[in-house]
Amino acid sequence: MKGDVKSTDLSWISKIQVNHPAVLRRAEQIQARRTVKKEWQAAWLLKAVTFIDLTTLSGDDTSSNIQRLCYKAKYPIREDLLKALNMHDKGITTAAVCVYPARVCDAVKALQAAGCAIPVASVATGFPAGQTHLKTRLEEIRLAVEDGAAEIDVVINRSLVLTGRWEALYDEIRQFRKACGEAHLKTILATGELGSLTNVYKASMIAMMAGSDFIKTSTGKETVNATFPVAIVMLRAIRDFFWKTGNKIGFKPAGGIRSAKDSLAWLSLVKEELGDEWLKPELFRIGASTLLSDIERQIYHHVTGRYAAYHDLPMS
């Protein structure tokens, strides 16, 4: 990657090219490998739980299912299973809960009632399309923060990427950053709608330069969500940005990550590309709604030697 990281000069962005075949080869290599040896899987799956942003983003969300979500975030794995693994006193929770802006108050109240310090993340800026007026998008951030959201998952305006308007994209994300105040800014690139891996790299760099704490693959509402080729490009961008600035930016894949096996593959990818120092909730999250259920099923199997019946595990 050429050019200095400067907020005043983005001309170097247009010169970037990603080697598409090389990225695909790397993705195939990683996916062909067994990720974690069987005897270590339970430990890695419990680690994966601590990276999950437990998410509900449905049109029929109500205060009662937000309460259930928050309870599951605090108690993600059944107590007796944790005791069998001698992990019951380790305070294992999910990293955050993620909801729509109108549900932030419900989530904050539910977590406070449970005596729990898990942060609430809110999507914002016209999620998932990002096609509302900028003034409205900024107000949505401010209202979510006022209601108690500690993290804001914003969506970018994809049209700015597709038309190469990098300064305008930078300026919008800078305004998102300012509207967040003390809240963490997670910037969703909606990579399935950016047209090319080169655009994914460029958008990643712009988002980090503009002050994002995390870059996130997808809203989960696109036809193509978190994929390994896209992740490799984003992780390499994070690494390049760290080398240039010394700043560590977090990574959040989201959309389509449903199985325990998937979660282990994502942990392995981040470990290989960025190292162990990125394997902590401050720098790595997984956006998911159904993943936790499968992880709990696999841990149940690890402990008991059989798979759980539907009624054996509490619903989130």
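The backbone N, Cα and C atoms fix where each Cβ goes, and this holds for glycine too.
What TrEMBL records for this protein:
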ACT_SITE  K216  active site, schiff-base intermediate with acetaldehyde
ACT_SITE  K252  active site, proton donor/acceptor
(request) Let me know how many other Cβ atoms fall within 10 Å of the Cβ of the residue listed as 'active site, schiff-base intermediate with acetaldehyde'. (result) 28
(request) Could you measure between the residue listed as 'active site, proton donor/acceptor' and K216 (active site, schiff-base intermediate with acetaldehyde) for me? Cα positions, answer in whole angstrom. (result) 4
(request) Around the Cβ of K252 (active site, proton donor/acceptor), how many other Cβ atoms lie within 10 Å? Please give the count over every shown protein chain. (result) 25
